[in-house]
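Visitor: Pasting a structure below so you can have a look.
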Amino acid sequence: MGLFKIIPSQGVKDKSQAVTPSETEEPDVVTTVIGNYGRWQLLMTFLLSLFSLPCTFHIYLPTFTAAVKKFWCKRPDNLSSLPVDVWIKYSQPSDACTVRQLPDNITADIILNGTSTIIDAFQKCTEWEYDMSEVGYTIISEWNLVCDREYLTSLTDSMFLIGVGAGGVVGGWISDKFGRKKVLMSMMIAQSSLAILSLLVRSFIQYLLVRLVMGFVSVSVVYAAFVLSVELVGGKWVTIAGVCNFFWLPLAYIVVSLLSLLMPNWRDLQLSLSVPGCALLVLWFVLPESPRWLMSMGKTQEAKIILEKAAKFNKQEIPADIDKLLMLCKTDSQEEGPSVKMIFQGALRKRTICLFITWFSMTIAYYGLLLNIGNFGLGNLHVTSIILASVELPAIAISIPILLKAGRRIPIFISMSMCGLACVASELLSMVFDEEWIMIACLMLGKFAIGSTNMMLPIFTVELYPTVVRNLGVGASQLASGLALAIIPYLWKLAIFNKHVPMMMLAGLAVLGGAIVLILPETAKPQESQVTKNRKQTMDSSTRQDTFTITDDRGH
């Protein structure tokens, strides 16, 4: 991702004034040719934001396709007319994993009139029936993931999320090495193929493998699109374009919730949500490669073609000395390619470790609330999902002015701490008041706060890494997310110790993650001495790790 400047140098300003990227940025070649933002950037960033839709669909699908619902041992054919509640009371007094042995010649009428013989002997259930009133056919009902197979439901989530963690690192590395567009579109093809393939699986093992690879490619798609979109713009539009990339997330949650009402069969729901991903493949012929990445790789002529097309679309005059400007960006020596060790060298080491902890904590809080809606017992799953998704829309909108005016660290610290306090309040108030709306109100506040963090943290992460390892750095943070996501399915298992433990754990991690952010530098307000020092440093390997501390390509 060359070394240009992500936070450009600034003149001496009154410390009381808020300094935004747009106020401090020196124009680089891309900005000089096509401007910070124009019609071309608007079109491209909008198209790139669409890639978050299919990825979010596949992340959120298990909320309905693996929803926990009521089940009971299957009624024998001769008792199929017996009401379910009567059957359960008669045959399964303890749980739905064992069933009472039935006497010979038992009928529904005999059980209903209370004259049946009761045998105090039980046997293990082998077949079950499921409550289809709220959600229809799921992977749980298809493969009977109940009783001694219940743990397999969490395993499906973990496999997907392990794939997310691996894809974050591997996808980031290949994106930095081979380009944003190539990785984005190739992973999109893989995602669309896997979405269709998952409809054809006939065994649980096959389904697990598909989910594992789906997690790998999905995170690669999301962050390749995200990084590409912020590299096409400049100034304050880096923040705006980055945040707007996430506007589709809550809309995707709502779409999944509504479609699950219309399509109770999990395979039908999966098919309907796979179509948008296939449609996005036509954008191969529209989307550009990142000009900044091309220049960092020394491919100045390819970058020139893209910049000229963009400038023409923006109706902006192309500088007469564009070739000279591009040559200034070209290095004579071949620089070392991106590698994982780079993000653990010099000042980047502390950033990588702190971001790892923060991303882990944020992911636990965000997806812990999002994917465990069914564990809160708040009534209708679809209605609750839509309510909690809707609060993210204003959270995303308010993130833009906050990031532009208040920087990065303090807003992230406040939003994560607010989420933690809301989770604590939901538990304390639920012990005092037996009112469902109080729990929902606290969760809405927590979801609003952590939803804001989910928009701001990716922007902050992007700004903390230089172009040459930016996707790799962002991808490494997803390793922490993948670890957190793998744990989330088991988080609510801690309720066996105390029903309040899961939420208190979630609250504590949210506050911890927010506090760790305060250790990191404020990218929106770099100190002049740091910027000046970094601009003077050479590009050889002995000083590269120091150059990484504040710089990116934008001031090259």
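Keep in mind that glycine also has a Cβ here, set from the backbone N, Cα and C atoms.
Curation plays no part in TrEMBL annotations; they are all automatic predictions.
Annotations for this protein, taken from TrEMBL, read as follows:
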TRANSMEM  40-61  transmembrane segment
DOMAIN    109-525  domain 'Major facilitator superfamily (MFS) profile'
TRANSMEM  183-201  transmembrane segment
TRANSMEM  207-230  transmembrane segment
TRANSMEM  237-263  transmembrane segment
TRANSMEM  352-369  transmembrane segment
TRANSMEM  381-403  transmembrane segment
TRANSMEM  410-431  transmembrane segment
TRANSMEM  437-460  transmembrane segment
TRANSMEM  472-492  transmembrane segment
TRANSMEM  504-520  transmembrane segment
REGION    529-556  region 'Disordered'
COMPBIAS  539-550  compositional bias 'Polar residues'
Visitor: Considering only Cβ pairs under 8 Å, which range in 207-230, 237-263, 437-460 makes the most contacts with the transmembrane segment (381-403)?
Guide: 237-263
Visitor: Who are the long-range neighbours of the transmembrane segment (472-492) in its own chain, taking Cβ under 8 Å and residues 6 or more past its ends?
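Guide: Sequence-remote neighbours of the transmembrane segment (472-492) are 1, 153-155, 157-158, 160-173, 175-176, 215, 219-220, 223, 226-227, 338, 340, 342-343, 348, 351-352, 355-357, 359-361, 363-364, 367-368, 371-372, 375, 458, 461-462, 464-465, 502, 505-506.
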Visitor: Return the average pLDDT for the domain 'Major facilitator superfamily (MFS) profile' (109-525) as a whole number.
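Guide: Mean per-residue confidence for the domain 'Major facilitator superfamily (MFS) profile' (109-525): 81 out of 100.
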Visitor: Using Cβ distances below 8 Å and needing 3 or more such pairs, separated by at least 6 in sequence, tell me whether the transmembrane segment (40-61) contacts the transmembrane segment (237-263).
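Guide: Yes, the transmembrane segment (40-61) contacts the transmembrane segment (237-263).
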Visitor: Per the definition of 3+ C-beta pairs under 8 A with sequence separation of 6 or more, do the transmembrane segment (504-520) and the transmembrane segment (352-369) touch?
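Guide: With 3 or more qualifying Cβ pairs, these stretches touch.
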Visitor: Please figure out which one of 183-201, 352-369, 410-431, 437-460 racks up the most CB pairs under 8 Å against the transmembrane segment (237-263).
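Guide: Stretch with maximum Cβ contacts: 437-460.
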